[in-house]
């Protein structure tokens, strides 16, 4: 029996021009390039310019994705934007993106699941498309985490960067086989609020009337990450009858190279199948997966028909996985 799948038509990304290296950070705070690389794998990150907002990054990534897909912005009837750093409390940054693209129809809204945001947004758009409510969607992850960092906290300020990535999805009829269908094959989302104090921002417009800064218990996050990530990936494999040998590329959330390496090892995924961009992007939260997809697509690694495994974990905790055939 045939199925409607959300097929990826194209992807795109945008990174701010300013690059901050580990050496530049070491000149400001008590850290070193060796310390950062050894613990995280990060060597540099991009930082948004003054006056450059999350919506600006998202619009540029969306435009690149539309160009890659070969479709007009007016054909988009759904925009789902994953971000933890919106331009304003309201309206949604997605409507600013919609307006910036010259679209005044359909629906646009933000989704917040921190670093898991893109996987959550992908799953949300996929469900809308498969029901027939919408035909063609932009799924965007965009962040300006530099605005919520405590630049005196060496445990967090060295980790994050700014950027945006996007994919264009279209509802298409497929044969109905997880083994061959193009598009989003399966998604699995999880949350557990018992861990909300382990990674959070210590402020909020409705509680403290402040923006606040990112706070993290790094060891606690690391301790939970690998187990949660692998469990939700196993869920994806069990739901489809696929396995680690089936996938062509593993595109994880780019938080920390040690977490990525440990997850791939536990799942028996060969290192050469892992797409890594954390060294040059840092942790861009909801933007990291679409940024990595765009890199691997542009350099020719990801090709039509490839099966891609996505995973992410973020504050909350939230975590999720997706299997997508390009």
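The backbone N, Cα and C atoms fix where each Cβ goes, glycine too.
DSSP assigns residue 115 (active site) to a helix in the three-state reduction. A simple way to gauge crowding: the CB of residue 115 (active site) has 32 other CB atoms within 10 angstroms, across all the protein chains here. As annotated by Swiss-Prot, active site applies to 115 (among others), with the evidence given as sequence analysis.
Positions annotated as active site by Swiss-Prot, on the basis of sequence analysis: 253 (among others). Neighbour density for residue 253 (active site): within 10 A of its CB lie 33 other CB atoms from the protein chains shown.
For 283 (among others), the entry in Swiss-Prot reads active site, with the evidence type sequence analysis. Following the DSSP three-state reduction, the secondary structure of residue 283 (active site) is strand.
Under DSSP, residues within the region 'ACP-binding' (254-258) fall into helix, strand and coil as 2 helix, 0 strand, 3 coil. Annotation comment: Swiss-Prot describes 254-258 as region 'ACP-binding'.
Reduced to three states, the DSSP call for residue 253 (active site) is coil. Over all protein chains present, the Cβ of residue 283 (active site) has 23 other Cβ atoms lying within 10 Å. Between the alpha carbons (Cα) of residue 283 (active site) and residue 253 (active site) lies a span of roughly 8 Å.
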